[in-house]
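Visitor: Handing you a structure now.
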């Protein structure tokens, strides 16, 4: 490489990174190539963008930068590898964790790494091995700076954060320090215990206030206790109990009925001494609740991951895994599911060339480019493990090259999480919430690109029928949804006990519960001008091409902590949901229930009073709680709480919903003055001043809501501000929904292991060419027995009616 040429390029084609520079040295902008790819990654010494060899000509043609660092990380086997799917652990877990020595097995590093670097010149495509003493000083400093720069995703950070899951930590009970203990003379013997109200001799709990020994809760199948301990609390209000048989020098299981959770008691030794129990002299003779929970999670872990089955590794197009970036399994499972849907394949895989040609802005900030890159990585087969029959006949030896299979969606994760309070963190999240969030982003980018929205195949309309119990009059309302979130009818089943065999509920029973008639008390009827009973029923007005079903397995306990129902679902491969079809509006003989102008129908939507009450109990106002339930459209307590916390600082949070809507109506007709700062913020994002002003007028000068409004009302923005949206456009939007036979076949499902959406692990199962596969992060195998009963999200595709 000519030294004089390099010297002439040093100033104009080379920069020296500072501590504030963003160096993209882990992943190509346009493909899933990375330093472990055969040709490594080419890092531009001017912009610090990483580019794979196949896209280097494209990048050079657009930016004209000539100097690149070719960075290769060569991976070798450090020891003879185990099977792709690990054998069941020989040592039983003692801690509710993944990736720790005493928890569930995680991935261990089996590789050693060596690096190779070269200076690469474009368009000559000439490489100079490094180090080289003839380099100009500026180029040398640039290369040294790139190599030394801290990237957001280094291999060391991945090894530390990947596949780690820990159970919830118990907190000190607020009743422990001030617990009142009755001086009733009761002394507890060291053994021979029995429930004071029945003949139970196991699962016994000692109330730390009065010394009564009573049995624990009854399990769903009739086993366990007889609920005498909890009934005693309900009668007396004595909050703390310790599980007899778990008492030993290291402590014991303490349960707070008042806090409805396992807790710590820092004064446990003192509280036990009150009843003659020497903590240090006791011996553990019963399983702790943590041990029972670990056993339950082992059953769930083994079932979902098909432990014990001789799973055959799979590879090829559509069978590429996604590496865990540290609590990213919820992202990986959703992405695998979405790219099994043809509309996403057409938009981002078949259309990736046109996307790259059209999108000339910063690739790091382009959702279309990052999804097209992911589609190529998942569906081309270039990054997958070898398929059966293509694997080496001899096992690798230490020192052999270890190909890096699977892809790391690092840029995509950063992009879709940008600005989001949860998805921008490295914490575990709810895969269902991420699914909806990603579809929202896809809809926005599709609208801006004037392209078909691939997520529209999930959209359908729900018909809500409201009947006034006083007048008999009926109102119908339609709402757009992307998923059907159904309750699980499990009367009397708890979520706090472990060790019980889980009940099984049919999917049809769950869908029937979704469409069941709800009774509402104290409904203010516009027909009678009085409060009285009403009923509400939700059914489907249309059936989408792809139906996403969300099982409401998570609920909120009395401490406002998410808890998971220990339940299994009986899920068939084929379903017909024709019984959910609505009646299509007002029927012959029905009288319409009309809402006056000062009570707009959209503001008079029915809400579950008990749900509003639960949100209020957390400290929110009546109006704020009502708005939260309305905004989340019956999505449950957790969704309503999240909305309330996200919007509690809004200026209009405590306004009555009807008053808020009236204000918005007035703003449409009266003169409106946009907030100058909010207007400037939106204009800086690339929107016109007219668009920004109109959006702010519709959202009470709230810039965040205004941006959302712009993306969801692009068609309206083309119309004059003083005109209503054309009726034809609204009709076309409704007519664009696909509707057809209500017959479906299961395409895939996402399962969750763990007690909370914010911990645990997600796995995806997909049916491809009538073969089921398990996608467990970067591991892809043929699935022998897909655990359909353990699913959290189910995706069905329409099939022809039988």
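Cβ coordinates come from backbone N, Cα and C, glycine included.
Annotations per TrEMBL:
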| type | residues | note |
| --- | --- | --- |
| DOMAIN | 171-279 | domain 'UBP-type' |
| BINDING | 195, 198, 215, 228 | Zn(2+) binding site |
| BINDING | 205, 217, 218, 219, 220, 255, 257, 260 | substrate binding site |
| DOMAIN | 320-799 | domain 'USP' |
| ACT_SITE | 329 | active site, nucleophile |
| REGION | 383-404 | region 'Disordered' |
| DOMAIN | 606-647 | domain 'UBA' |
| DOMAIN | 673-713 | domain 'UBA' |
| ACT_SITE | 761 | active site, proton acceptor |
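Walk me through the surroundings of each of these features.
Guide: Broken down with DSSP, the domain 'UBP-type' (171-279) shows 16 helix, 24 strand, 69 coil.
Contacts of residue 195 (Zn(2+) binding site) defined by a Cβ separation under 8 A and a same-chain sequence distance of 6+ are given as 201, 204, 213, 214, 215, 225, 226, 228, in order along the sequence.
Of all the Cβ atoms in the protein chains shown, 29 others lie within 10 Å of the Cβ of residue 329 (active site, nucleophile).
Every protein chain considered, the tally of other Cβ atoms within 10 Å of the Cβ of residue 761 (active site, proton acceptor) stands at 28.
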Visitor: Round to the nearest Å and give the CA-to-CA distance linking residue 257 (substrate binding site) with residue 198 (Zn(2+) binding site).
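Guide: If we compare the Cα positions of residue 257 (substrate binding site) and residue 198 (Zn(2+) binding site), the gap is 21 Å.
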Visitor: Listed recorded positions are 198, 218, 255, 260, 329; which of them have CA atoms within 10 A of the CA of residue 761 (active site, proton acceptor)?
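Guide: If one measures from the Cα of residue 761 (active site, proton acceptor), the recorded positions that come within 10 Å are 329.
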Visitor: Any idea what the Cα distance is from residue 255 (substrate binding site) over to residue 198 (Zn(2+) binding site), rounded to a whole Å?
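Guide: Just about 21 Å between their Cα atoms.
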Visitor: Take the C-alpha atoms of residue 218 (substrate binding site) and residue 329 (active site, nucleophile) and report the distance between them in angstrom, rounded.
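Guide: With the alpha carbons as reference points, the distance is 34 Å.
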Visitor: Neighbour count first, Cβ atoms within 10 Å, every protein chain included; then name which of 205, 255, 257 tops the list of binding-site residues.
Guide: 205
Visitor: Where does the mean pLDDT land for the domain 'UBA' (606-647)?
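Guide: The answer is 74, the mean pLDDT of the model over that range.
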Visitor: Measure the Cβ-based neighbour count of residue 198 (Zn(2+) binding site), defined as the other Cβ atoms within 10 Å of its Cβ.
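Guide: So the number of other Cβ atoms within 10 Å of residue 198 (Zn(2+) binding site) is 12.
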Visitor: How long is the line from the C-alpha of residue 260 (substrate binding site) to the C-alpha of residue 198 (Zn(2+) binding site), rounded to the nearest angstrom?
Guide: 24
Visitor: Could you round the CA separation between residue 217 (substrate binding site) and residue 329 (active site, nucleophile) to a whole angstrom and send it over?
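Guide: Distance (Cα to Cα, whole Å): 34 Å.
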